[in-house]
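Q: Structure below; questions to follow.
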Amino acid sequence: MKSRIFFITLLTIVAAQESADQLCSSFDAQQSCGQCIKAHAECAWCIDPHSSLTNRCQLKSKFTNETCTPHLVYSPQTAQVKIQQNLPLETKQHDGKTIVRQQPQAVSVRLMPSHSATVSFKYLHQTDPSRRSTEPETMEIQTSDVKDTPLQLKFFIVCDGELKETKSCRVQNNQIVEFKIEVLVNSCSSTGDITLSVGILRQRTIAGLYVTTICGCECEKHPEINSRLCHQNGHLVCGQCVCDQSRGGDKCECPLASHGVSKASELEDKCRFNSSSPVCSASGKCKCGQCQCNKPTVTGKFCQCDNDSCPLAVNGKVCSGNGVCDCGVCKCEMGWERDDCSCSTASNNCVDNGTPAPEEKDKPESVPEEPEATEKPDDMPSDSDLEKELDESSSAKEEQTSSSGVVSRVCVLLTFFLLVLNF
């Protein structure tokens, strides 16, 4: 049972990772640093202006030293809690008169949407001196109204020695009570930072809780206007050029009018096979409407042909060394055939894996007798029929090889699954 749970958990983690990767690679996430970090908590943005990356937004784990300088990979923490003021209980406030009964007095919280943080408080309960009863009193946490904010609050109090999800508890005079508030941000705030007051009902004590929703990048607040890196035709924002309306390209180097377009997005679309395809098939960079492929072996108008993707033969060579790889398909030299150019047409027979049938050992030469000319019986197969039978035999062998390969893969998968179950 534990093995099955482990296997299911593993599959769930893999699926979640793939989903996050898709969100980070989406069109919206590539538009800006802010859009990137909002796409998913695992997304990060390369703010290195000299990076050659086509997609600046990626899973944080995908960045390498070669693709982006490590300290220039921007990935804010999903939750940050910072205590701003923390005077101890029973000390005097700055006015020299008021006794501190709630600690801390000011806390700032930064949260990404769909994430939460827990803030801990202590409260010193003191009854009215005129009250003579020694019976426990009810303390109740109160806060500002959060109805019109994207916040969701949960309250916990250490009550009777146990942490309970509640807003109230019966306490004794001079008892120090610990309580916690869990803050969840459901979405970005349209009004900026949110200020909450946290106190105890009917008590003269209060603390400030300041919540900031992380829905953008700090670097977006400090653009480099008319940057030289953008040919002075745009602003450098978080390592990426935001071009003037008349310019396009990674570095604003392309005048749109010269390329027959009016928008930068139209110029980029010239590097797509269709509207849903990635720029340059994700194998190159778009330079003023033309693809420049990342590797010499990648070709095509949209870098759609990978000339390293042809099958390897048993001899370890692409196209068996008897042809060239053209856009993922072997184009065989004269005298060779099959998908991997492994079969010689001269032998008229080729076994599996492209290995020619062994030639017969040399026999002593003998002069064959001249056969007598005889008429061919009507039921004897013609040469074309024999060739047809050979082709059918070859096809049958290929089907048999393919079937055995499938069975082999199924067996491997079953063996792996059984090993996991026994783990």
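Even glycines carry a Cβ here, placed using N, Cα and C.
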Q: So which of ASN65, ASN353 shows up as N-linked glycosylation site in Swiss-Prot?
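A: Record lookup, Swiss-Prot, feature N-linked glycosylation site, residue ASN65.
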Q: Of CYS33, CYS230, CYS305, CYS327, CYS341, which disulfide-bonded residues are close to CYS46 (disulfide bond), meaning a Cα within 10 Å of its Cα?
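A: Checking each Cα against CYS46 (disulfide bond), the hits are CYS33.
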Q: CYS33 (disulfide bond): which of the disulfide-bonded residues CYS254, CYS286, CYS319, CYS332 is the nearest Cα neighbour?
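A: Comparing Cα positions, the closest of these disulfide-bonded residues turns out to be CYS286.
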Q: Which residues does CYS291 (disulfide bond) neighbour through Cβ under 8 Å, counting only same-chain ones at least six apart?
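A: Counting only residues 6 or more apart in sequence, the Cβ neighbours of CYS291 (disulfide bond) under 8 Å are CYS271, VAL279, CYS280, SER281, GLY284, LYS285, GLY300, LYS301, PHE302, CYS303.
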Q: Could you state the CA-to-CA distance between CYS219 (disulfide bond) and CYS241 (disulfide bond) to the nearest Å?
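A: About 13 Å separates the two Cα atoms.
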Q: CYS230 (disulfide bond): which of the disulfide-bonded residues CYS43, CYS68, CYS293 is the nearest Cα neighbour?
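A: Answer for the nearest of the disulfide-bonded residues: CYS68.
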Q: How does the domain 'I-EGF 2' (254-304) divide up by DSSP, counting helix, then strand, then coil residues?
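A: Helix (H, G, I), strand (E, B), coil: 14 helix, 12 strand, 25 coil.
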Q: Per DSSP, to which secondary structure element type does CYS341 (disulfide bond) belong, with helix, strand and coil as the options?
A: coil
